[in-house]
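Notes follow once the structure below has been shown.
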């Protein structure tokens, strides 16, 4: 946008460079390239829109969207004659200007809202999901209104209205009743977890530009049929994601900025602006925003949405972007909008969008609801209470190690566990994140060919059957951008009152102990969850999958602090299984002058209770080891690694003590803490698995 403003007629700079860049006759070529970018943008957004979501959207979203669309239109049309009179006074502006502004200010654009939510990193937050659902409904209703208006307006001005309309609607029927079923046939004949063949992608792109040609031949808006073609194309993998992958770089990252720049090049601050026209245009735009703000806020408050969230939602749904700029540009090209009015409305879009991010960030913080005031951890859980665990799965190879980690909780009918299994999948080929409870909604993801998720669910259902009466499995799937997956994890943990979240480490080891795969996206997720989680968190470093038919040699390293006490609670629970041989290592110093603070007293009380509780168990041993610094503890840990199959340690982030002095400089992954990081180090040649525990962070 700024590039177009600089090279446009508004700023009298770089005139010689402008002549060199845009010689006489190049404008038509540039306009064609820009139009190509517009077509691909409209088509891609149609592909990424999941139309089936409308069948699952509740009354709240429908009411908010309808009120936000109809109220500005009704109030605007009642004042249309006054607005038209003011806009046409003194400069001969046609009556279409007021209609164009009114229509554009009233609509809600789904692609624009999705882009803004993604920029603000709240796409799959509670507010983000509500905004997306409302925007989708509003966009569909807006498009119906726009298509009806455009088709009616265009066909009033041309001969052969009957033939054009019949041909136009025949093409729409072909798109939805022949093309769409064919695309599902293509999906059915694509092997699982593979991309669609290039020949099908090429055919679809060929159909796209054929429809553009047909639209122009029928004297219709050339973007209508491409949008409908995109809407008829199944979103998500394998087809939607393959299409988006093919056209995104060229169409959206390369051609779309050219289109936006050409729209900005039409801005001209050197025109002869009249005070009454400029003032009236700004007033109409301002009133449009104000009416929509009131409409969205009041309808949101009706559904008992908090005031700050309601205002944030209203601001978000008021956002304008590429779609509205394209509408104004098209109206200018058809002389339905005067150049001075176009300059004013595009400038207002640039100004309002620049302050939207600041206002929403000031009003809405999605992480505030995760702040812990209630104790949700294993340490404060009653002994006979149902332990609720949230486990996250990214890849299928995470499944077995996570299940073995669940065995440490020793589920029995007397000490049951409830496991919420969240399968996290990257959002590809669609705009809307999806969150599915497989017990509540069956078949929702069937059209995405997501058998991968089904395999994960099946593994945990088998585990539930093995532990019948002791374990309950609740499977979920979340499809969202990797940068926002932590929101899904924290939201589900909060909603299901989980005591602990278990996350897989971002590294995968081969059988010979070498690093086979490393995913930095998973690491980023783990760090964000540890920072914002409403309960305790455990990161599982899986190196060796222990066989159930042999005893598990388990070690718990205790230095002291909240995290170590949480880890010891989990180790004590594991010790109830007779096949687990537990050794609790209490690593301490020989400093008798150490001040006995509350934490130290809690540590001693916890260890004393643990010894008393396990005094009759021959499979549990408590050892006290005195060390002076980190060098000694690292030496001791090196001796331990071959004696144990599994370690449980506390993270102890930010805690400085003599036992770990000197280890800070060697730490690679802060989310594992000093001891966990040392045990997970590639230099150690350790084949034992490690569970690093962080107790819920409470705020007072």
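Every residue gets a Cβ built from N, Cα and C, even glycine.
If you look up TrEMBL, you'll see 1-354 marked as domain 'Cation/H+ exchanger transmembrane'.
Under the heading transmembrane segment, TrEMBL lists 21-43 (among others).
Annotation source TrEMBL lists transmembrane segment at 63-87 (among others).
Here TrEMBL flags 99-118 (among others) as transmembrane segment.
TrEMBL lists 130-154 (among others) with the feature transmembrane segment.
Per TrEMBL, the feature transmembrane segment maps to 161-179 (among others). Only residues 6 or more beyond the boundaries of the transmembrane segment (161-179), in the same chain, are considered here, and those with a CB under 8 A from a CB of the stretch are 151, 155, 207, 211, 214, 218-220, 225, 228-229, 232.
Positions annotated as transmembrane segment by TrEMBL: 199-218 (among others).
Taken from TrEMBL, the feature transmembrane segment applies to 247-267 (among others).
According to TrEMBL, the feature transmembrane segment maps to 273-291 (among others).
Taken from TrEMBL, the feature transmembrane segment covers 341-360 (among others).
With DSSP classes pooled into helix, strand and coil, the tally for the domain 'Cation/H(+) antiporter central' (421-544) is 46 helix, 38 strand, 40 coil. If you look up TrEMBL, you'll see 421-544 marked as domain 'Cation/H(+) antiporter central'.
Applying DSSP to the domain 'Cation/H(+) antiporter C-terminal' (554-696) sorts its residues as follows: 59 helix, 32 strand, 52 coil. Taken from TrEMBL, the feature domain 'Cation/H(+) antiporter C-terminal' covers 554-696.
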Beyond the flanks of the transmembrane segment (99-118) by at least 6 residues, Cβ under 8 Å:
41, 45, 48-49, 65, 68-69, 72-73, 76-77, 80, 83, 128, 131-132, 134-136, 138-139, 142, 145-146, 149, 281, 284-285, 288-289, 292, 316-317, 319-324, 327-328, 331, 336-337, 341, 345, 356-357, 431-432, 481
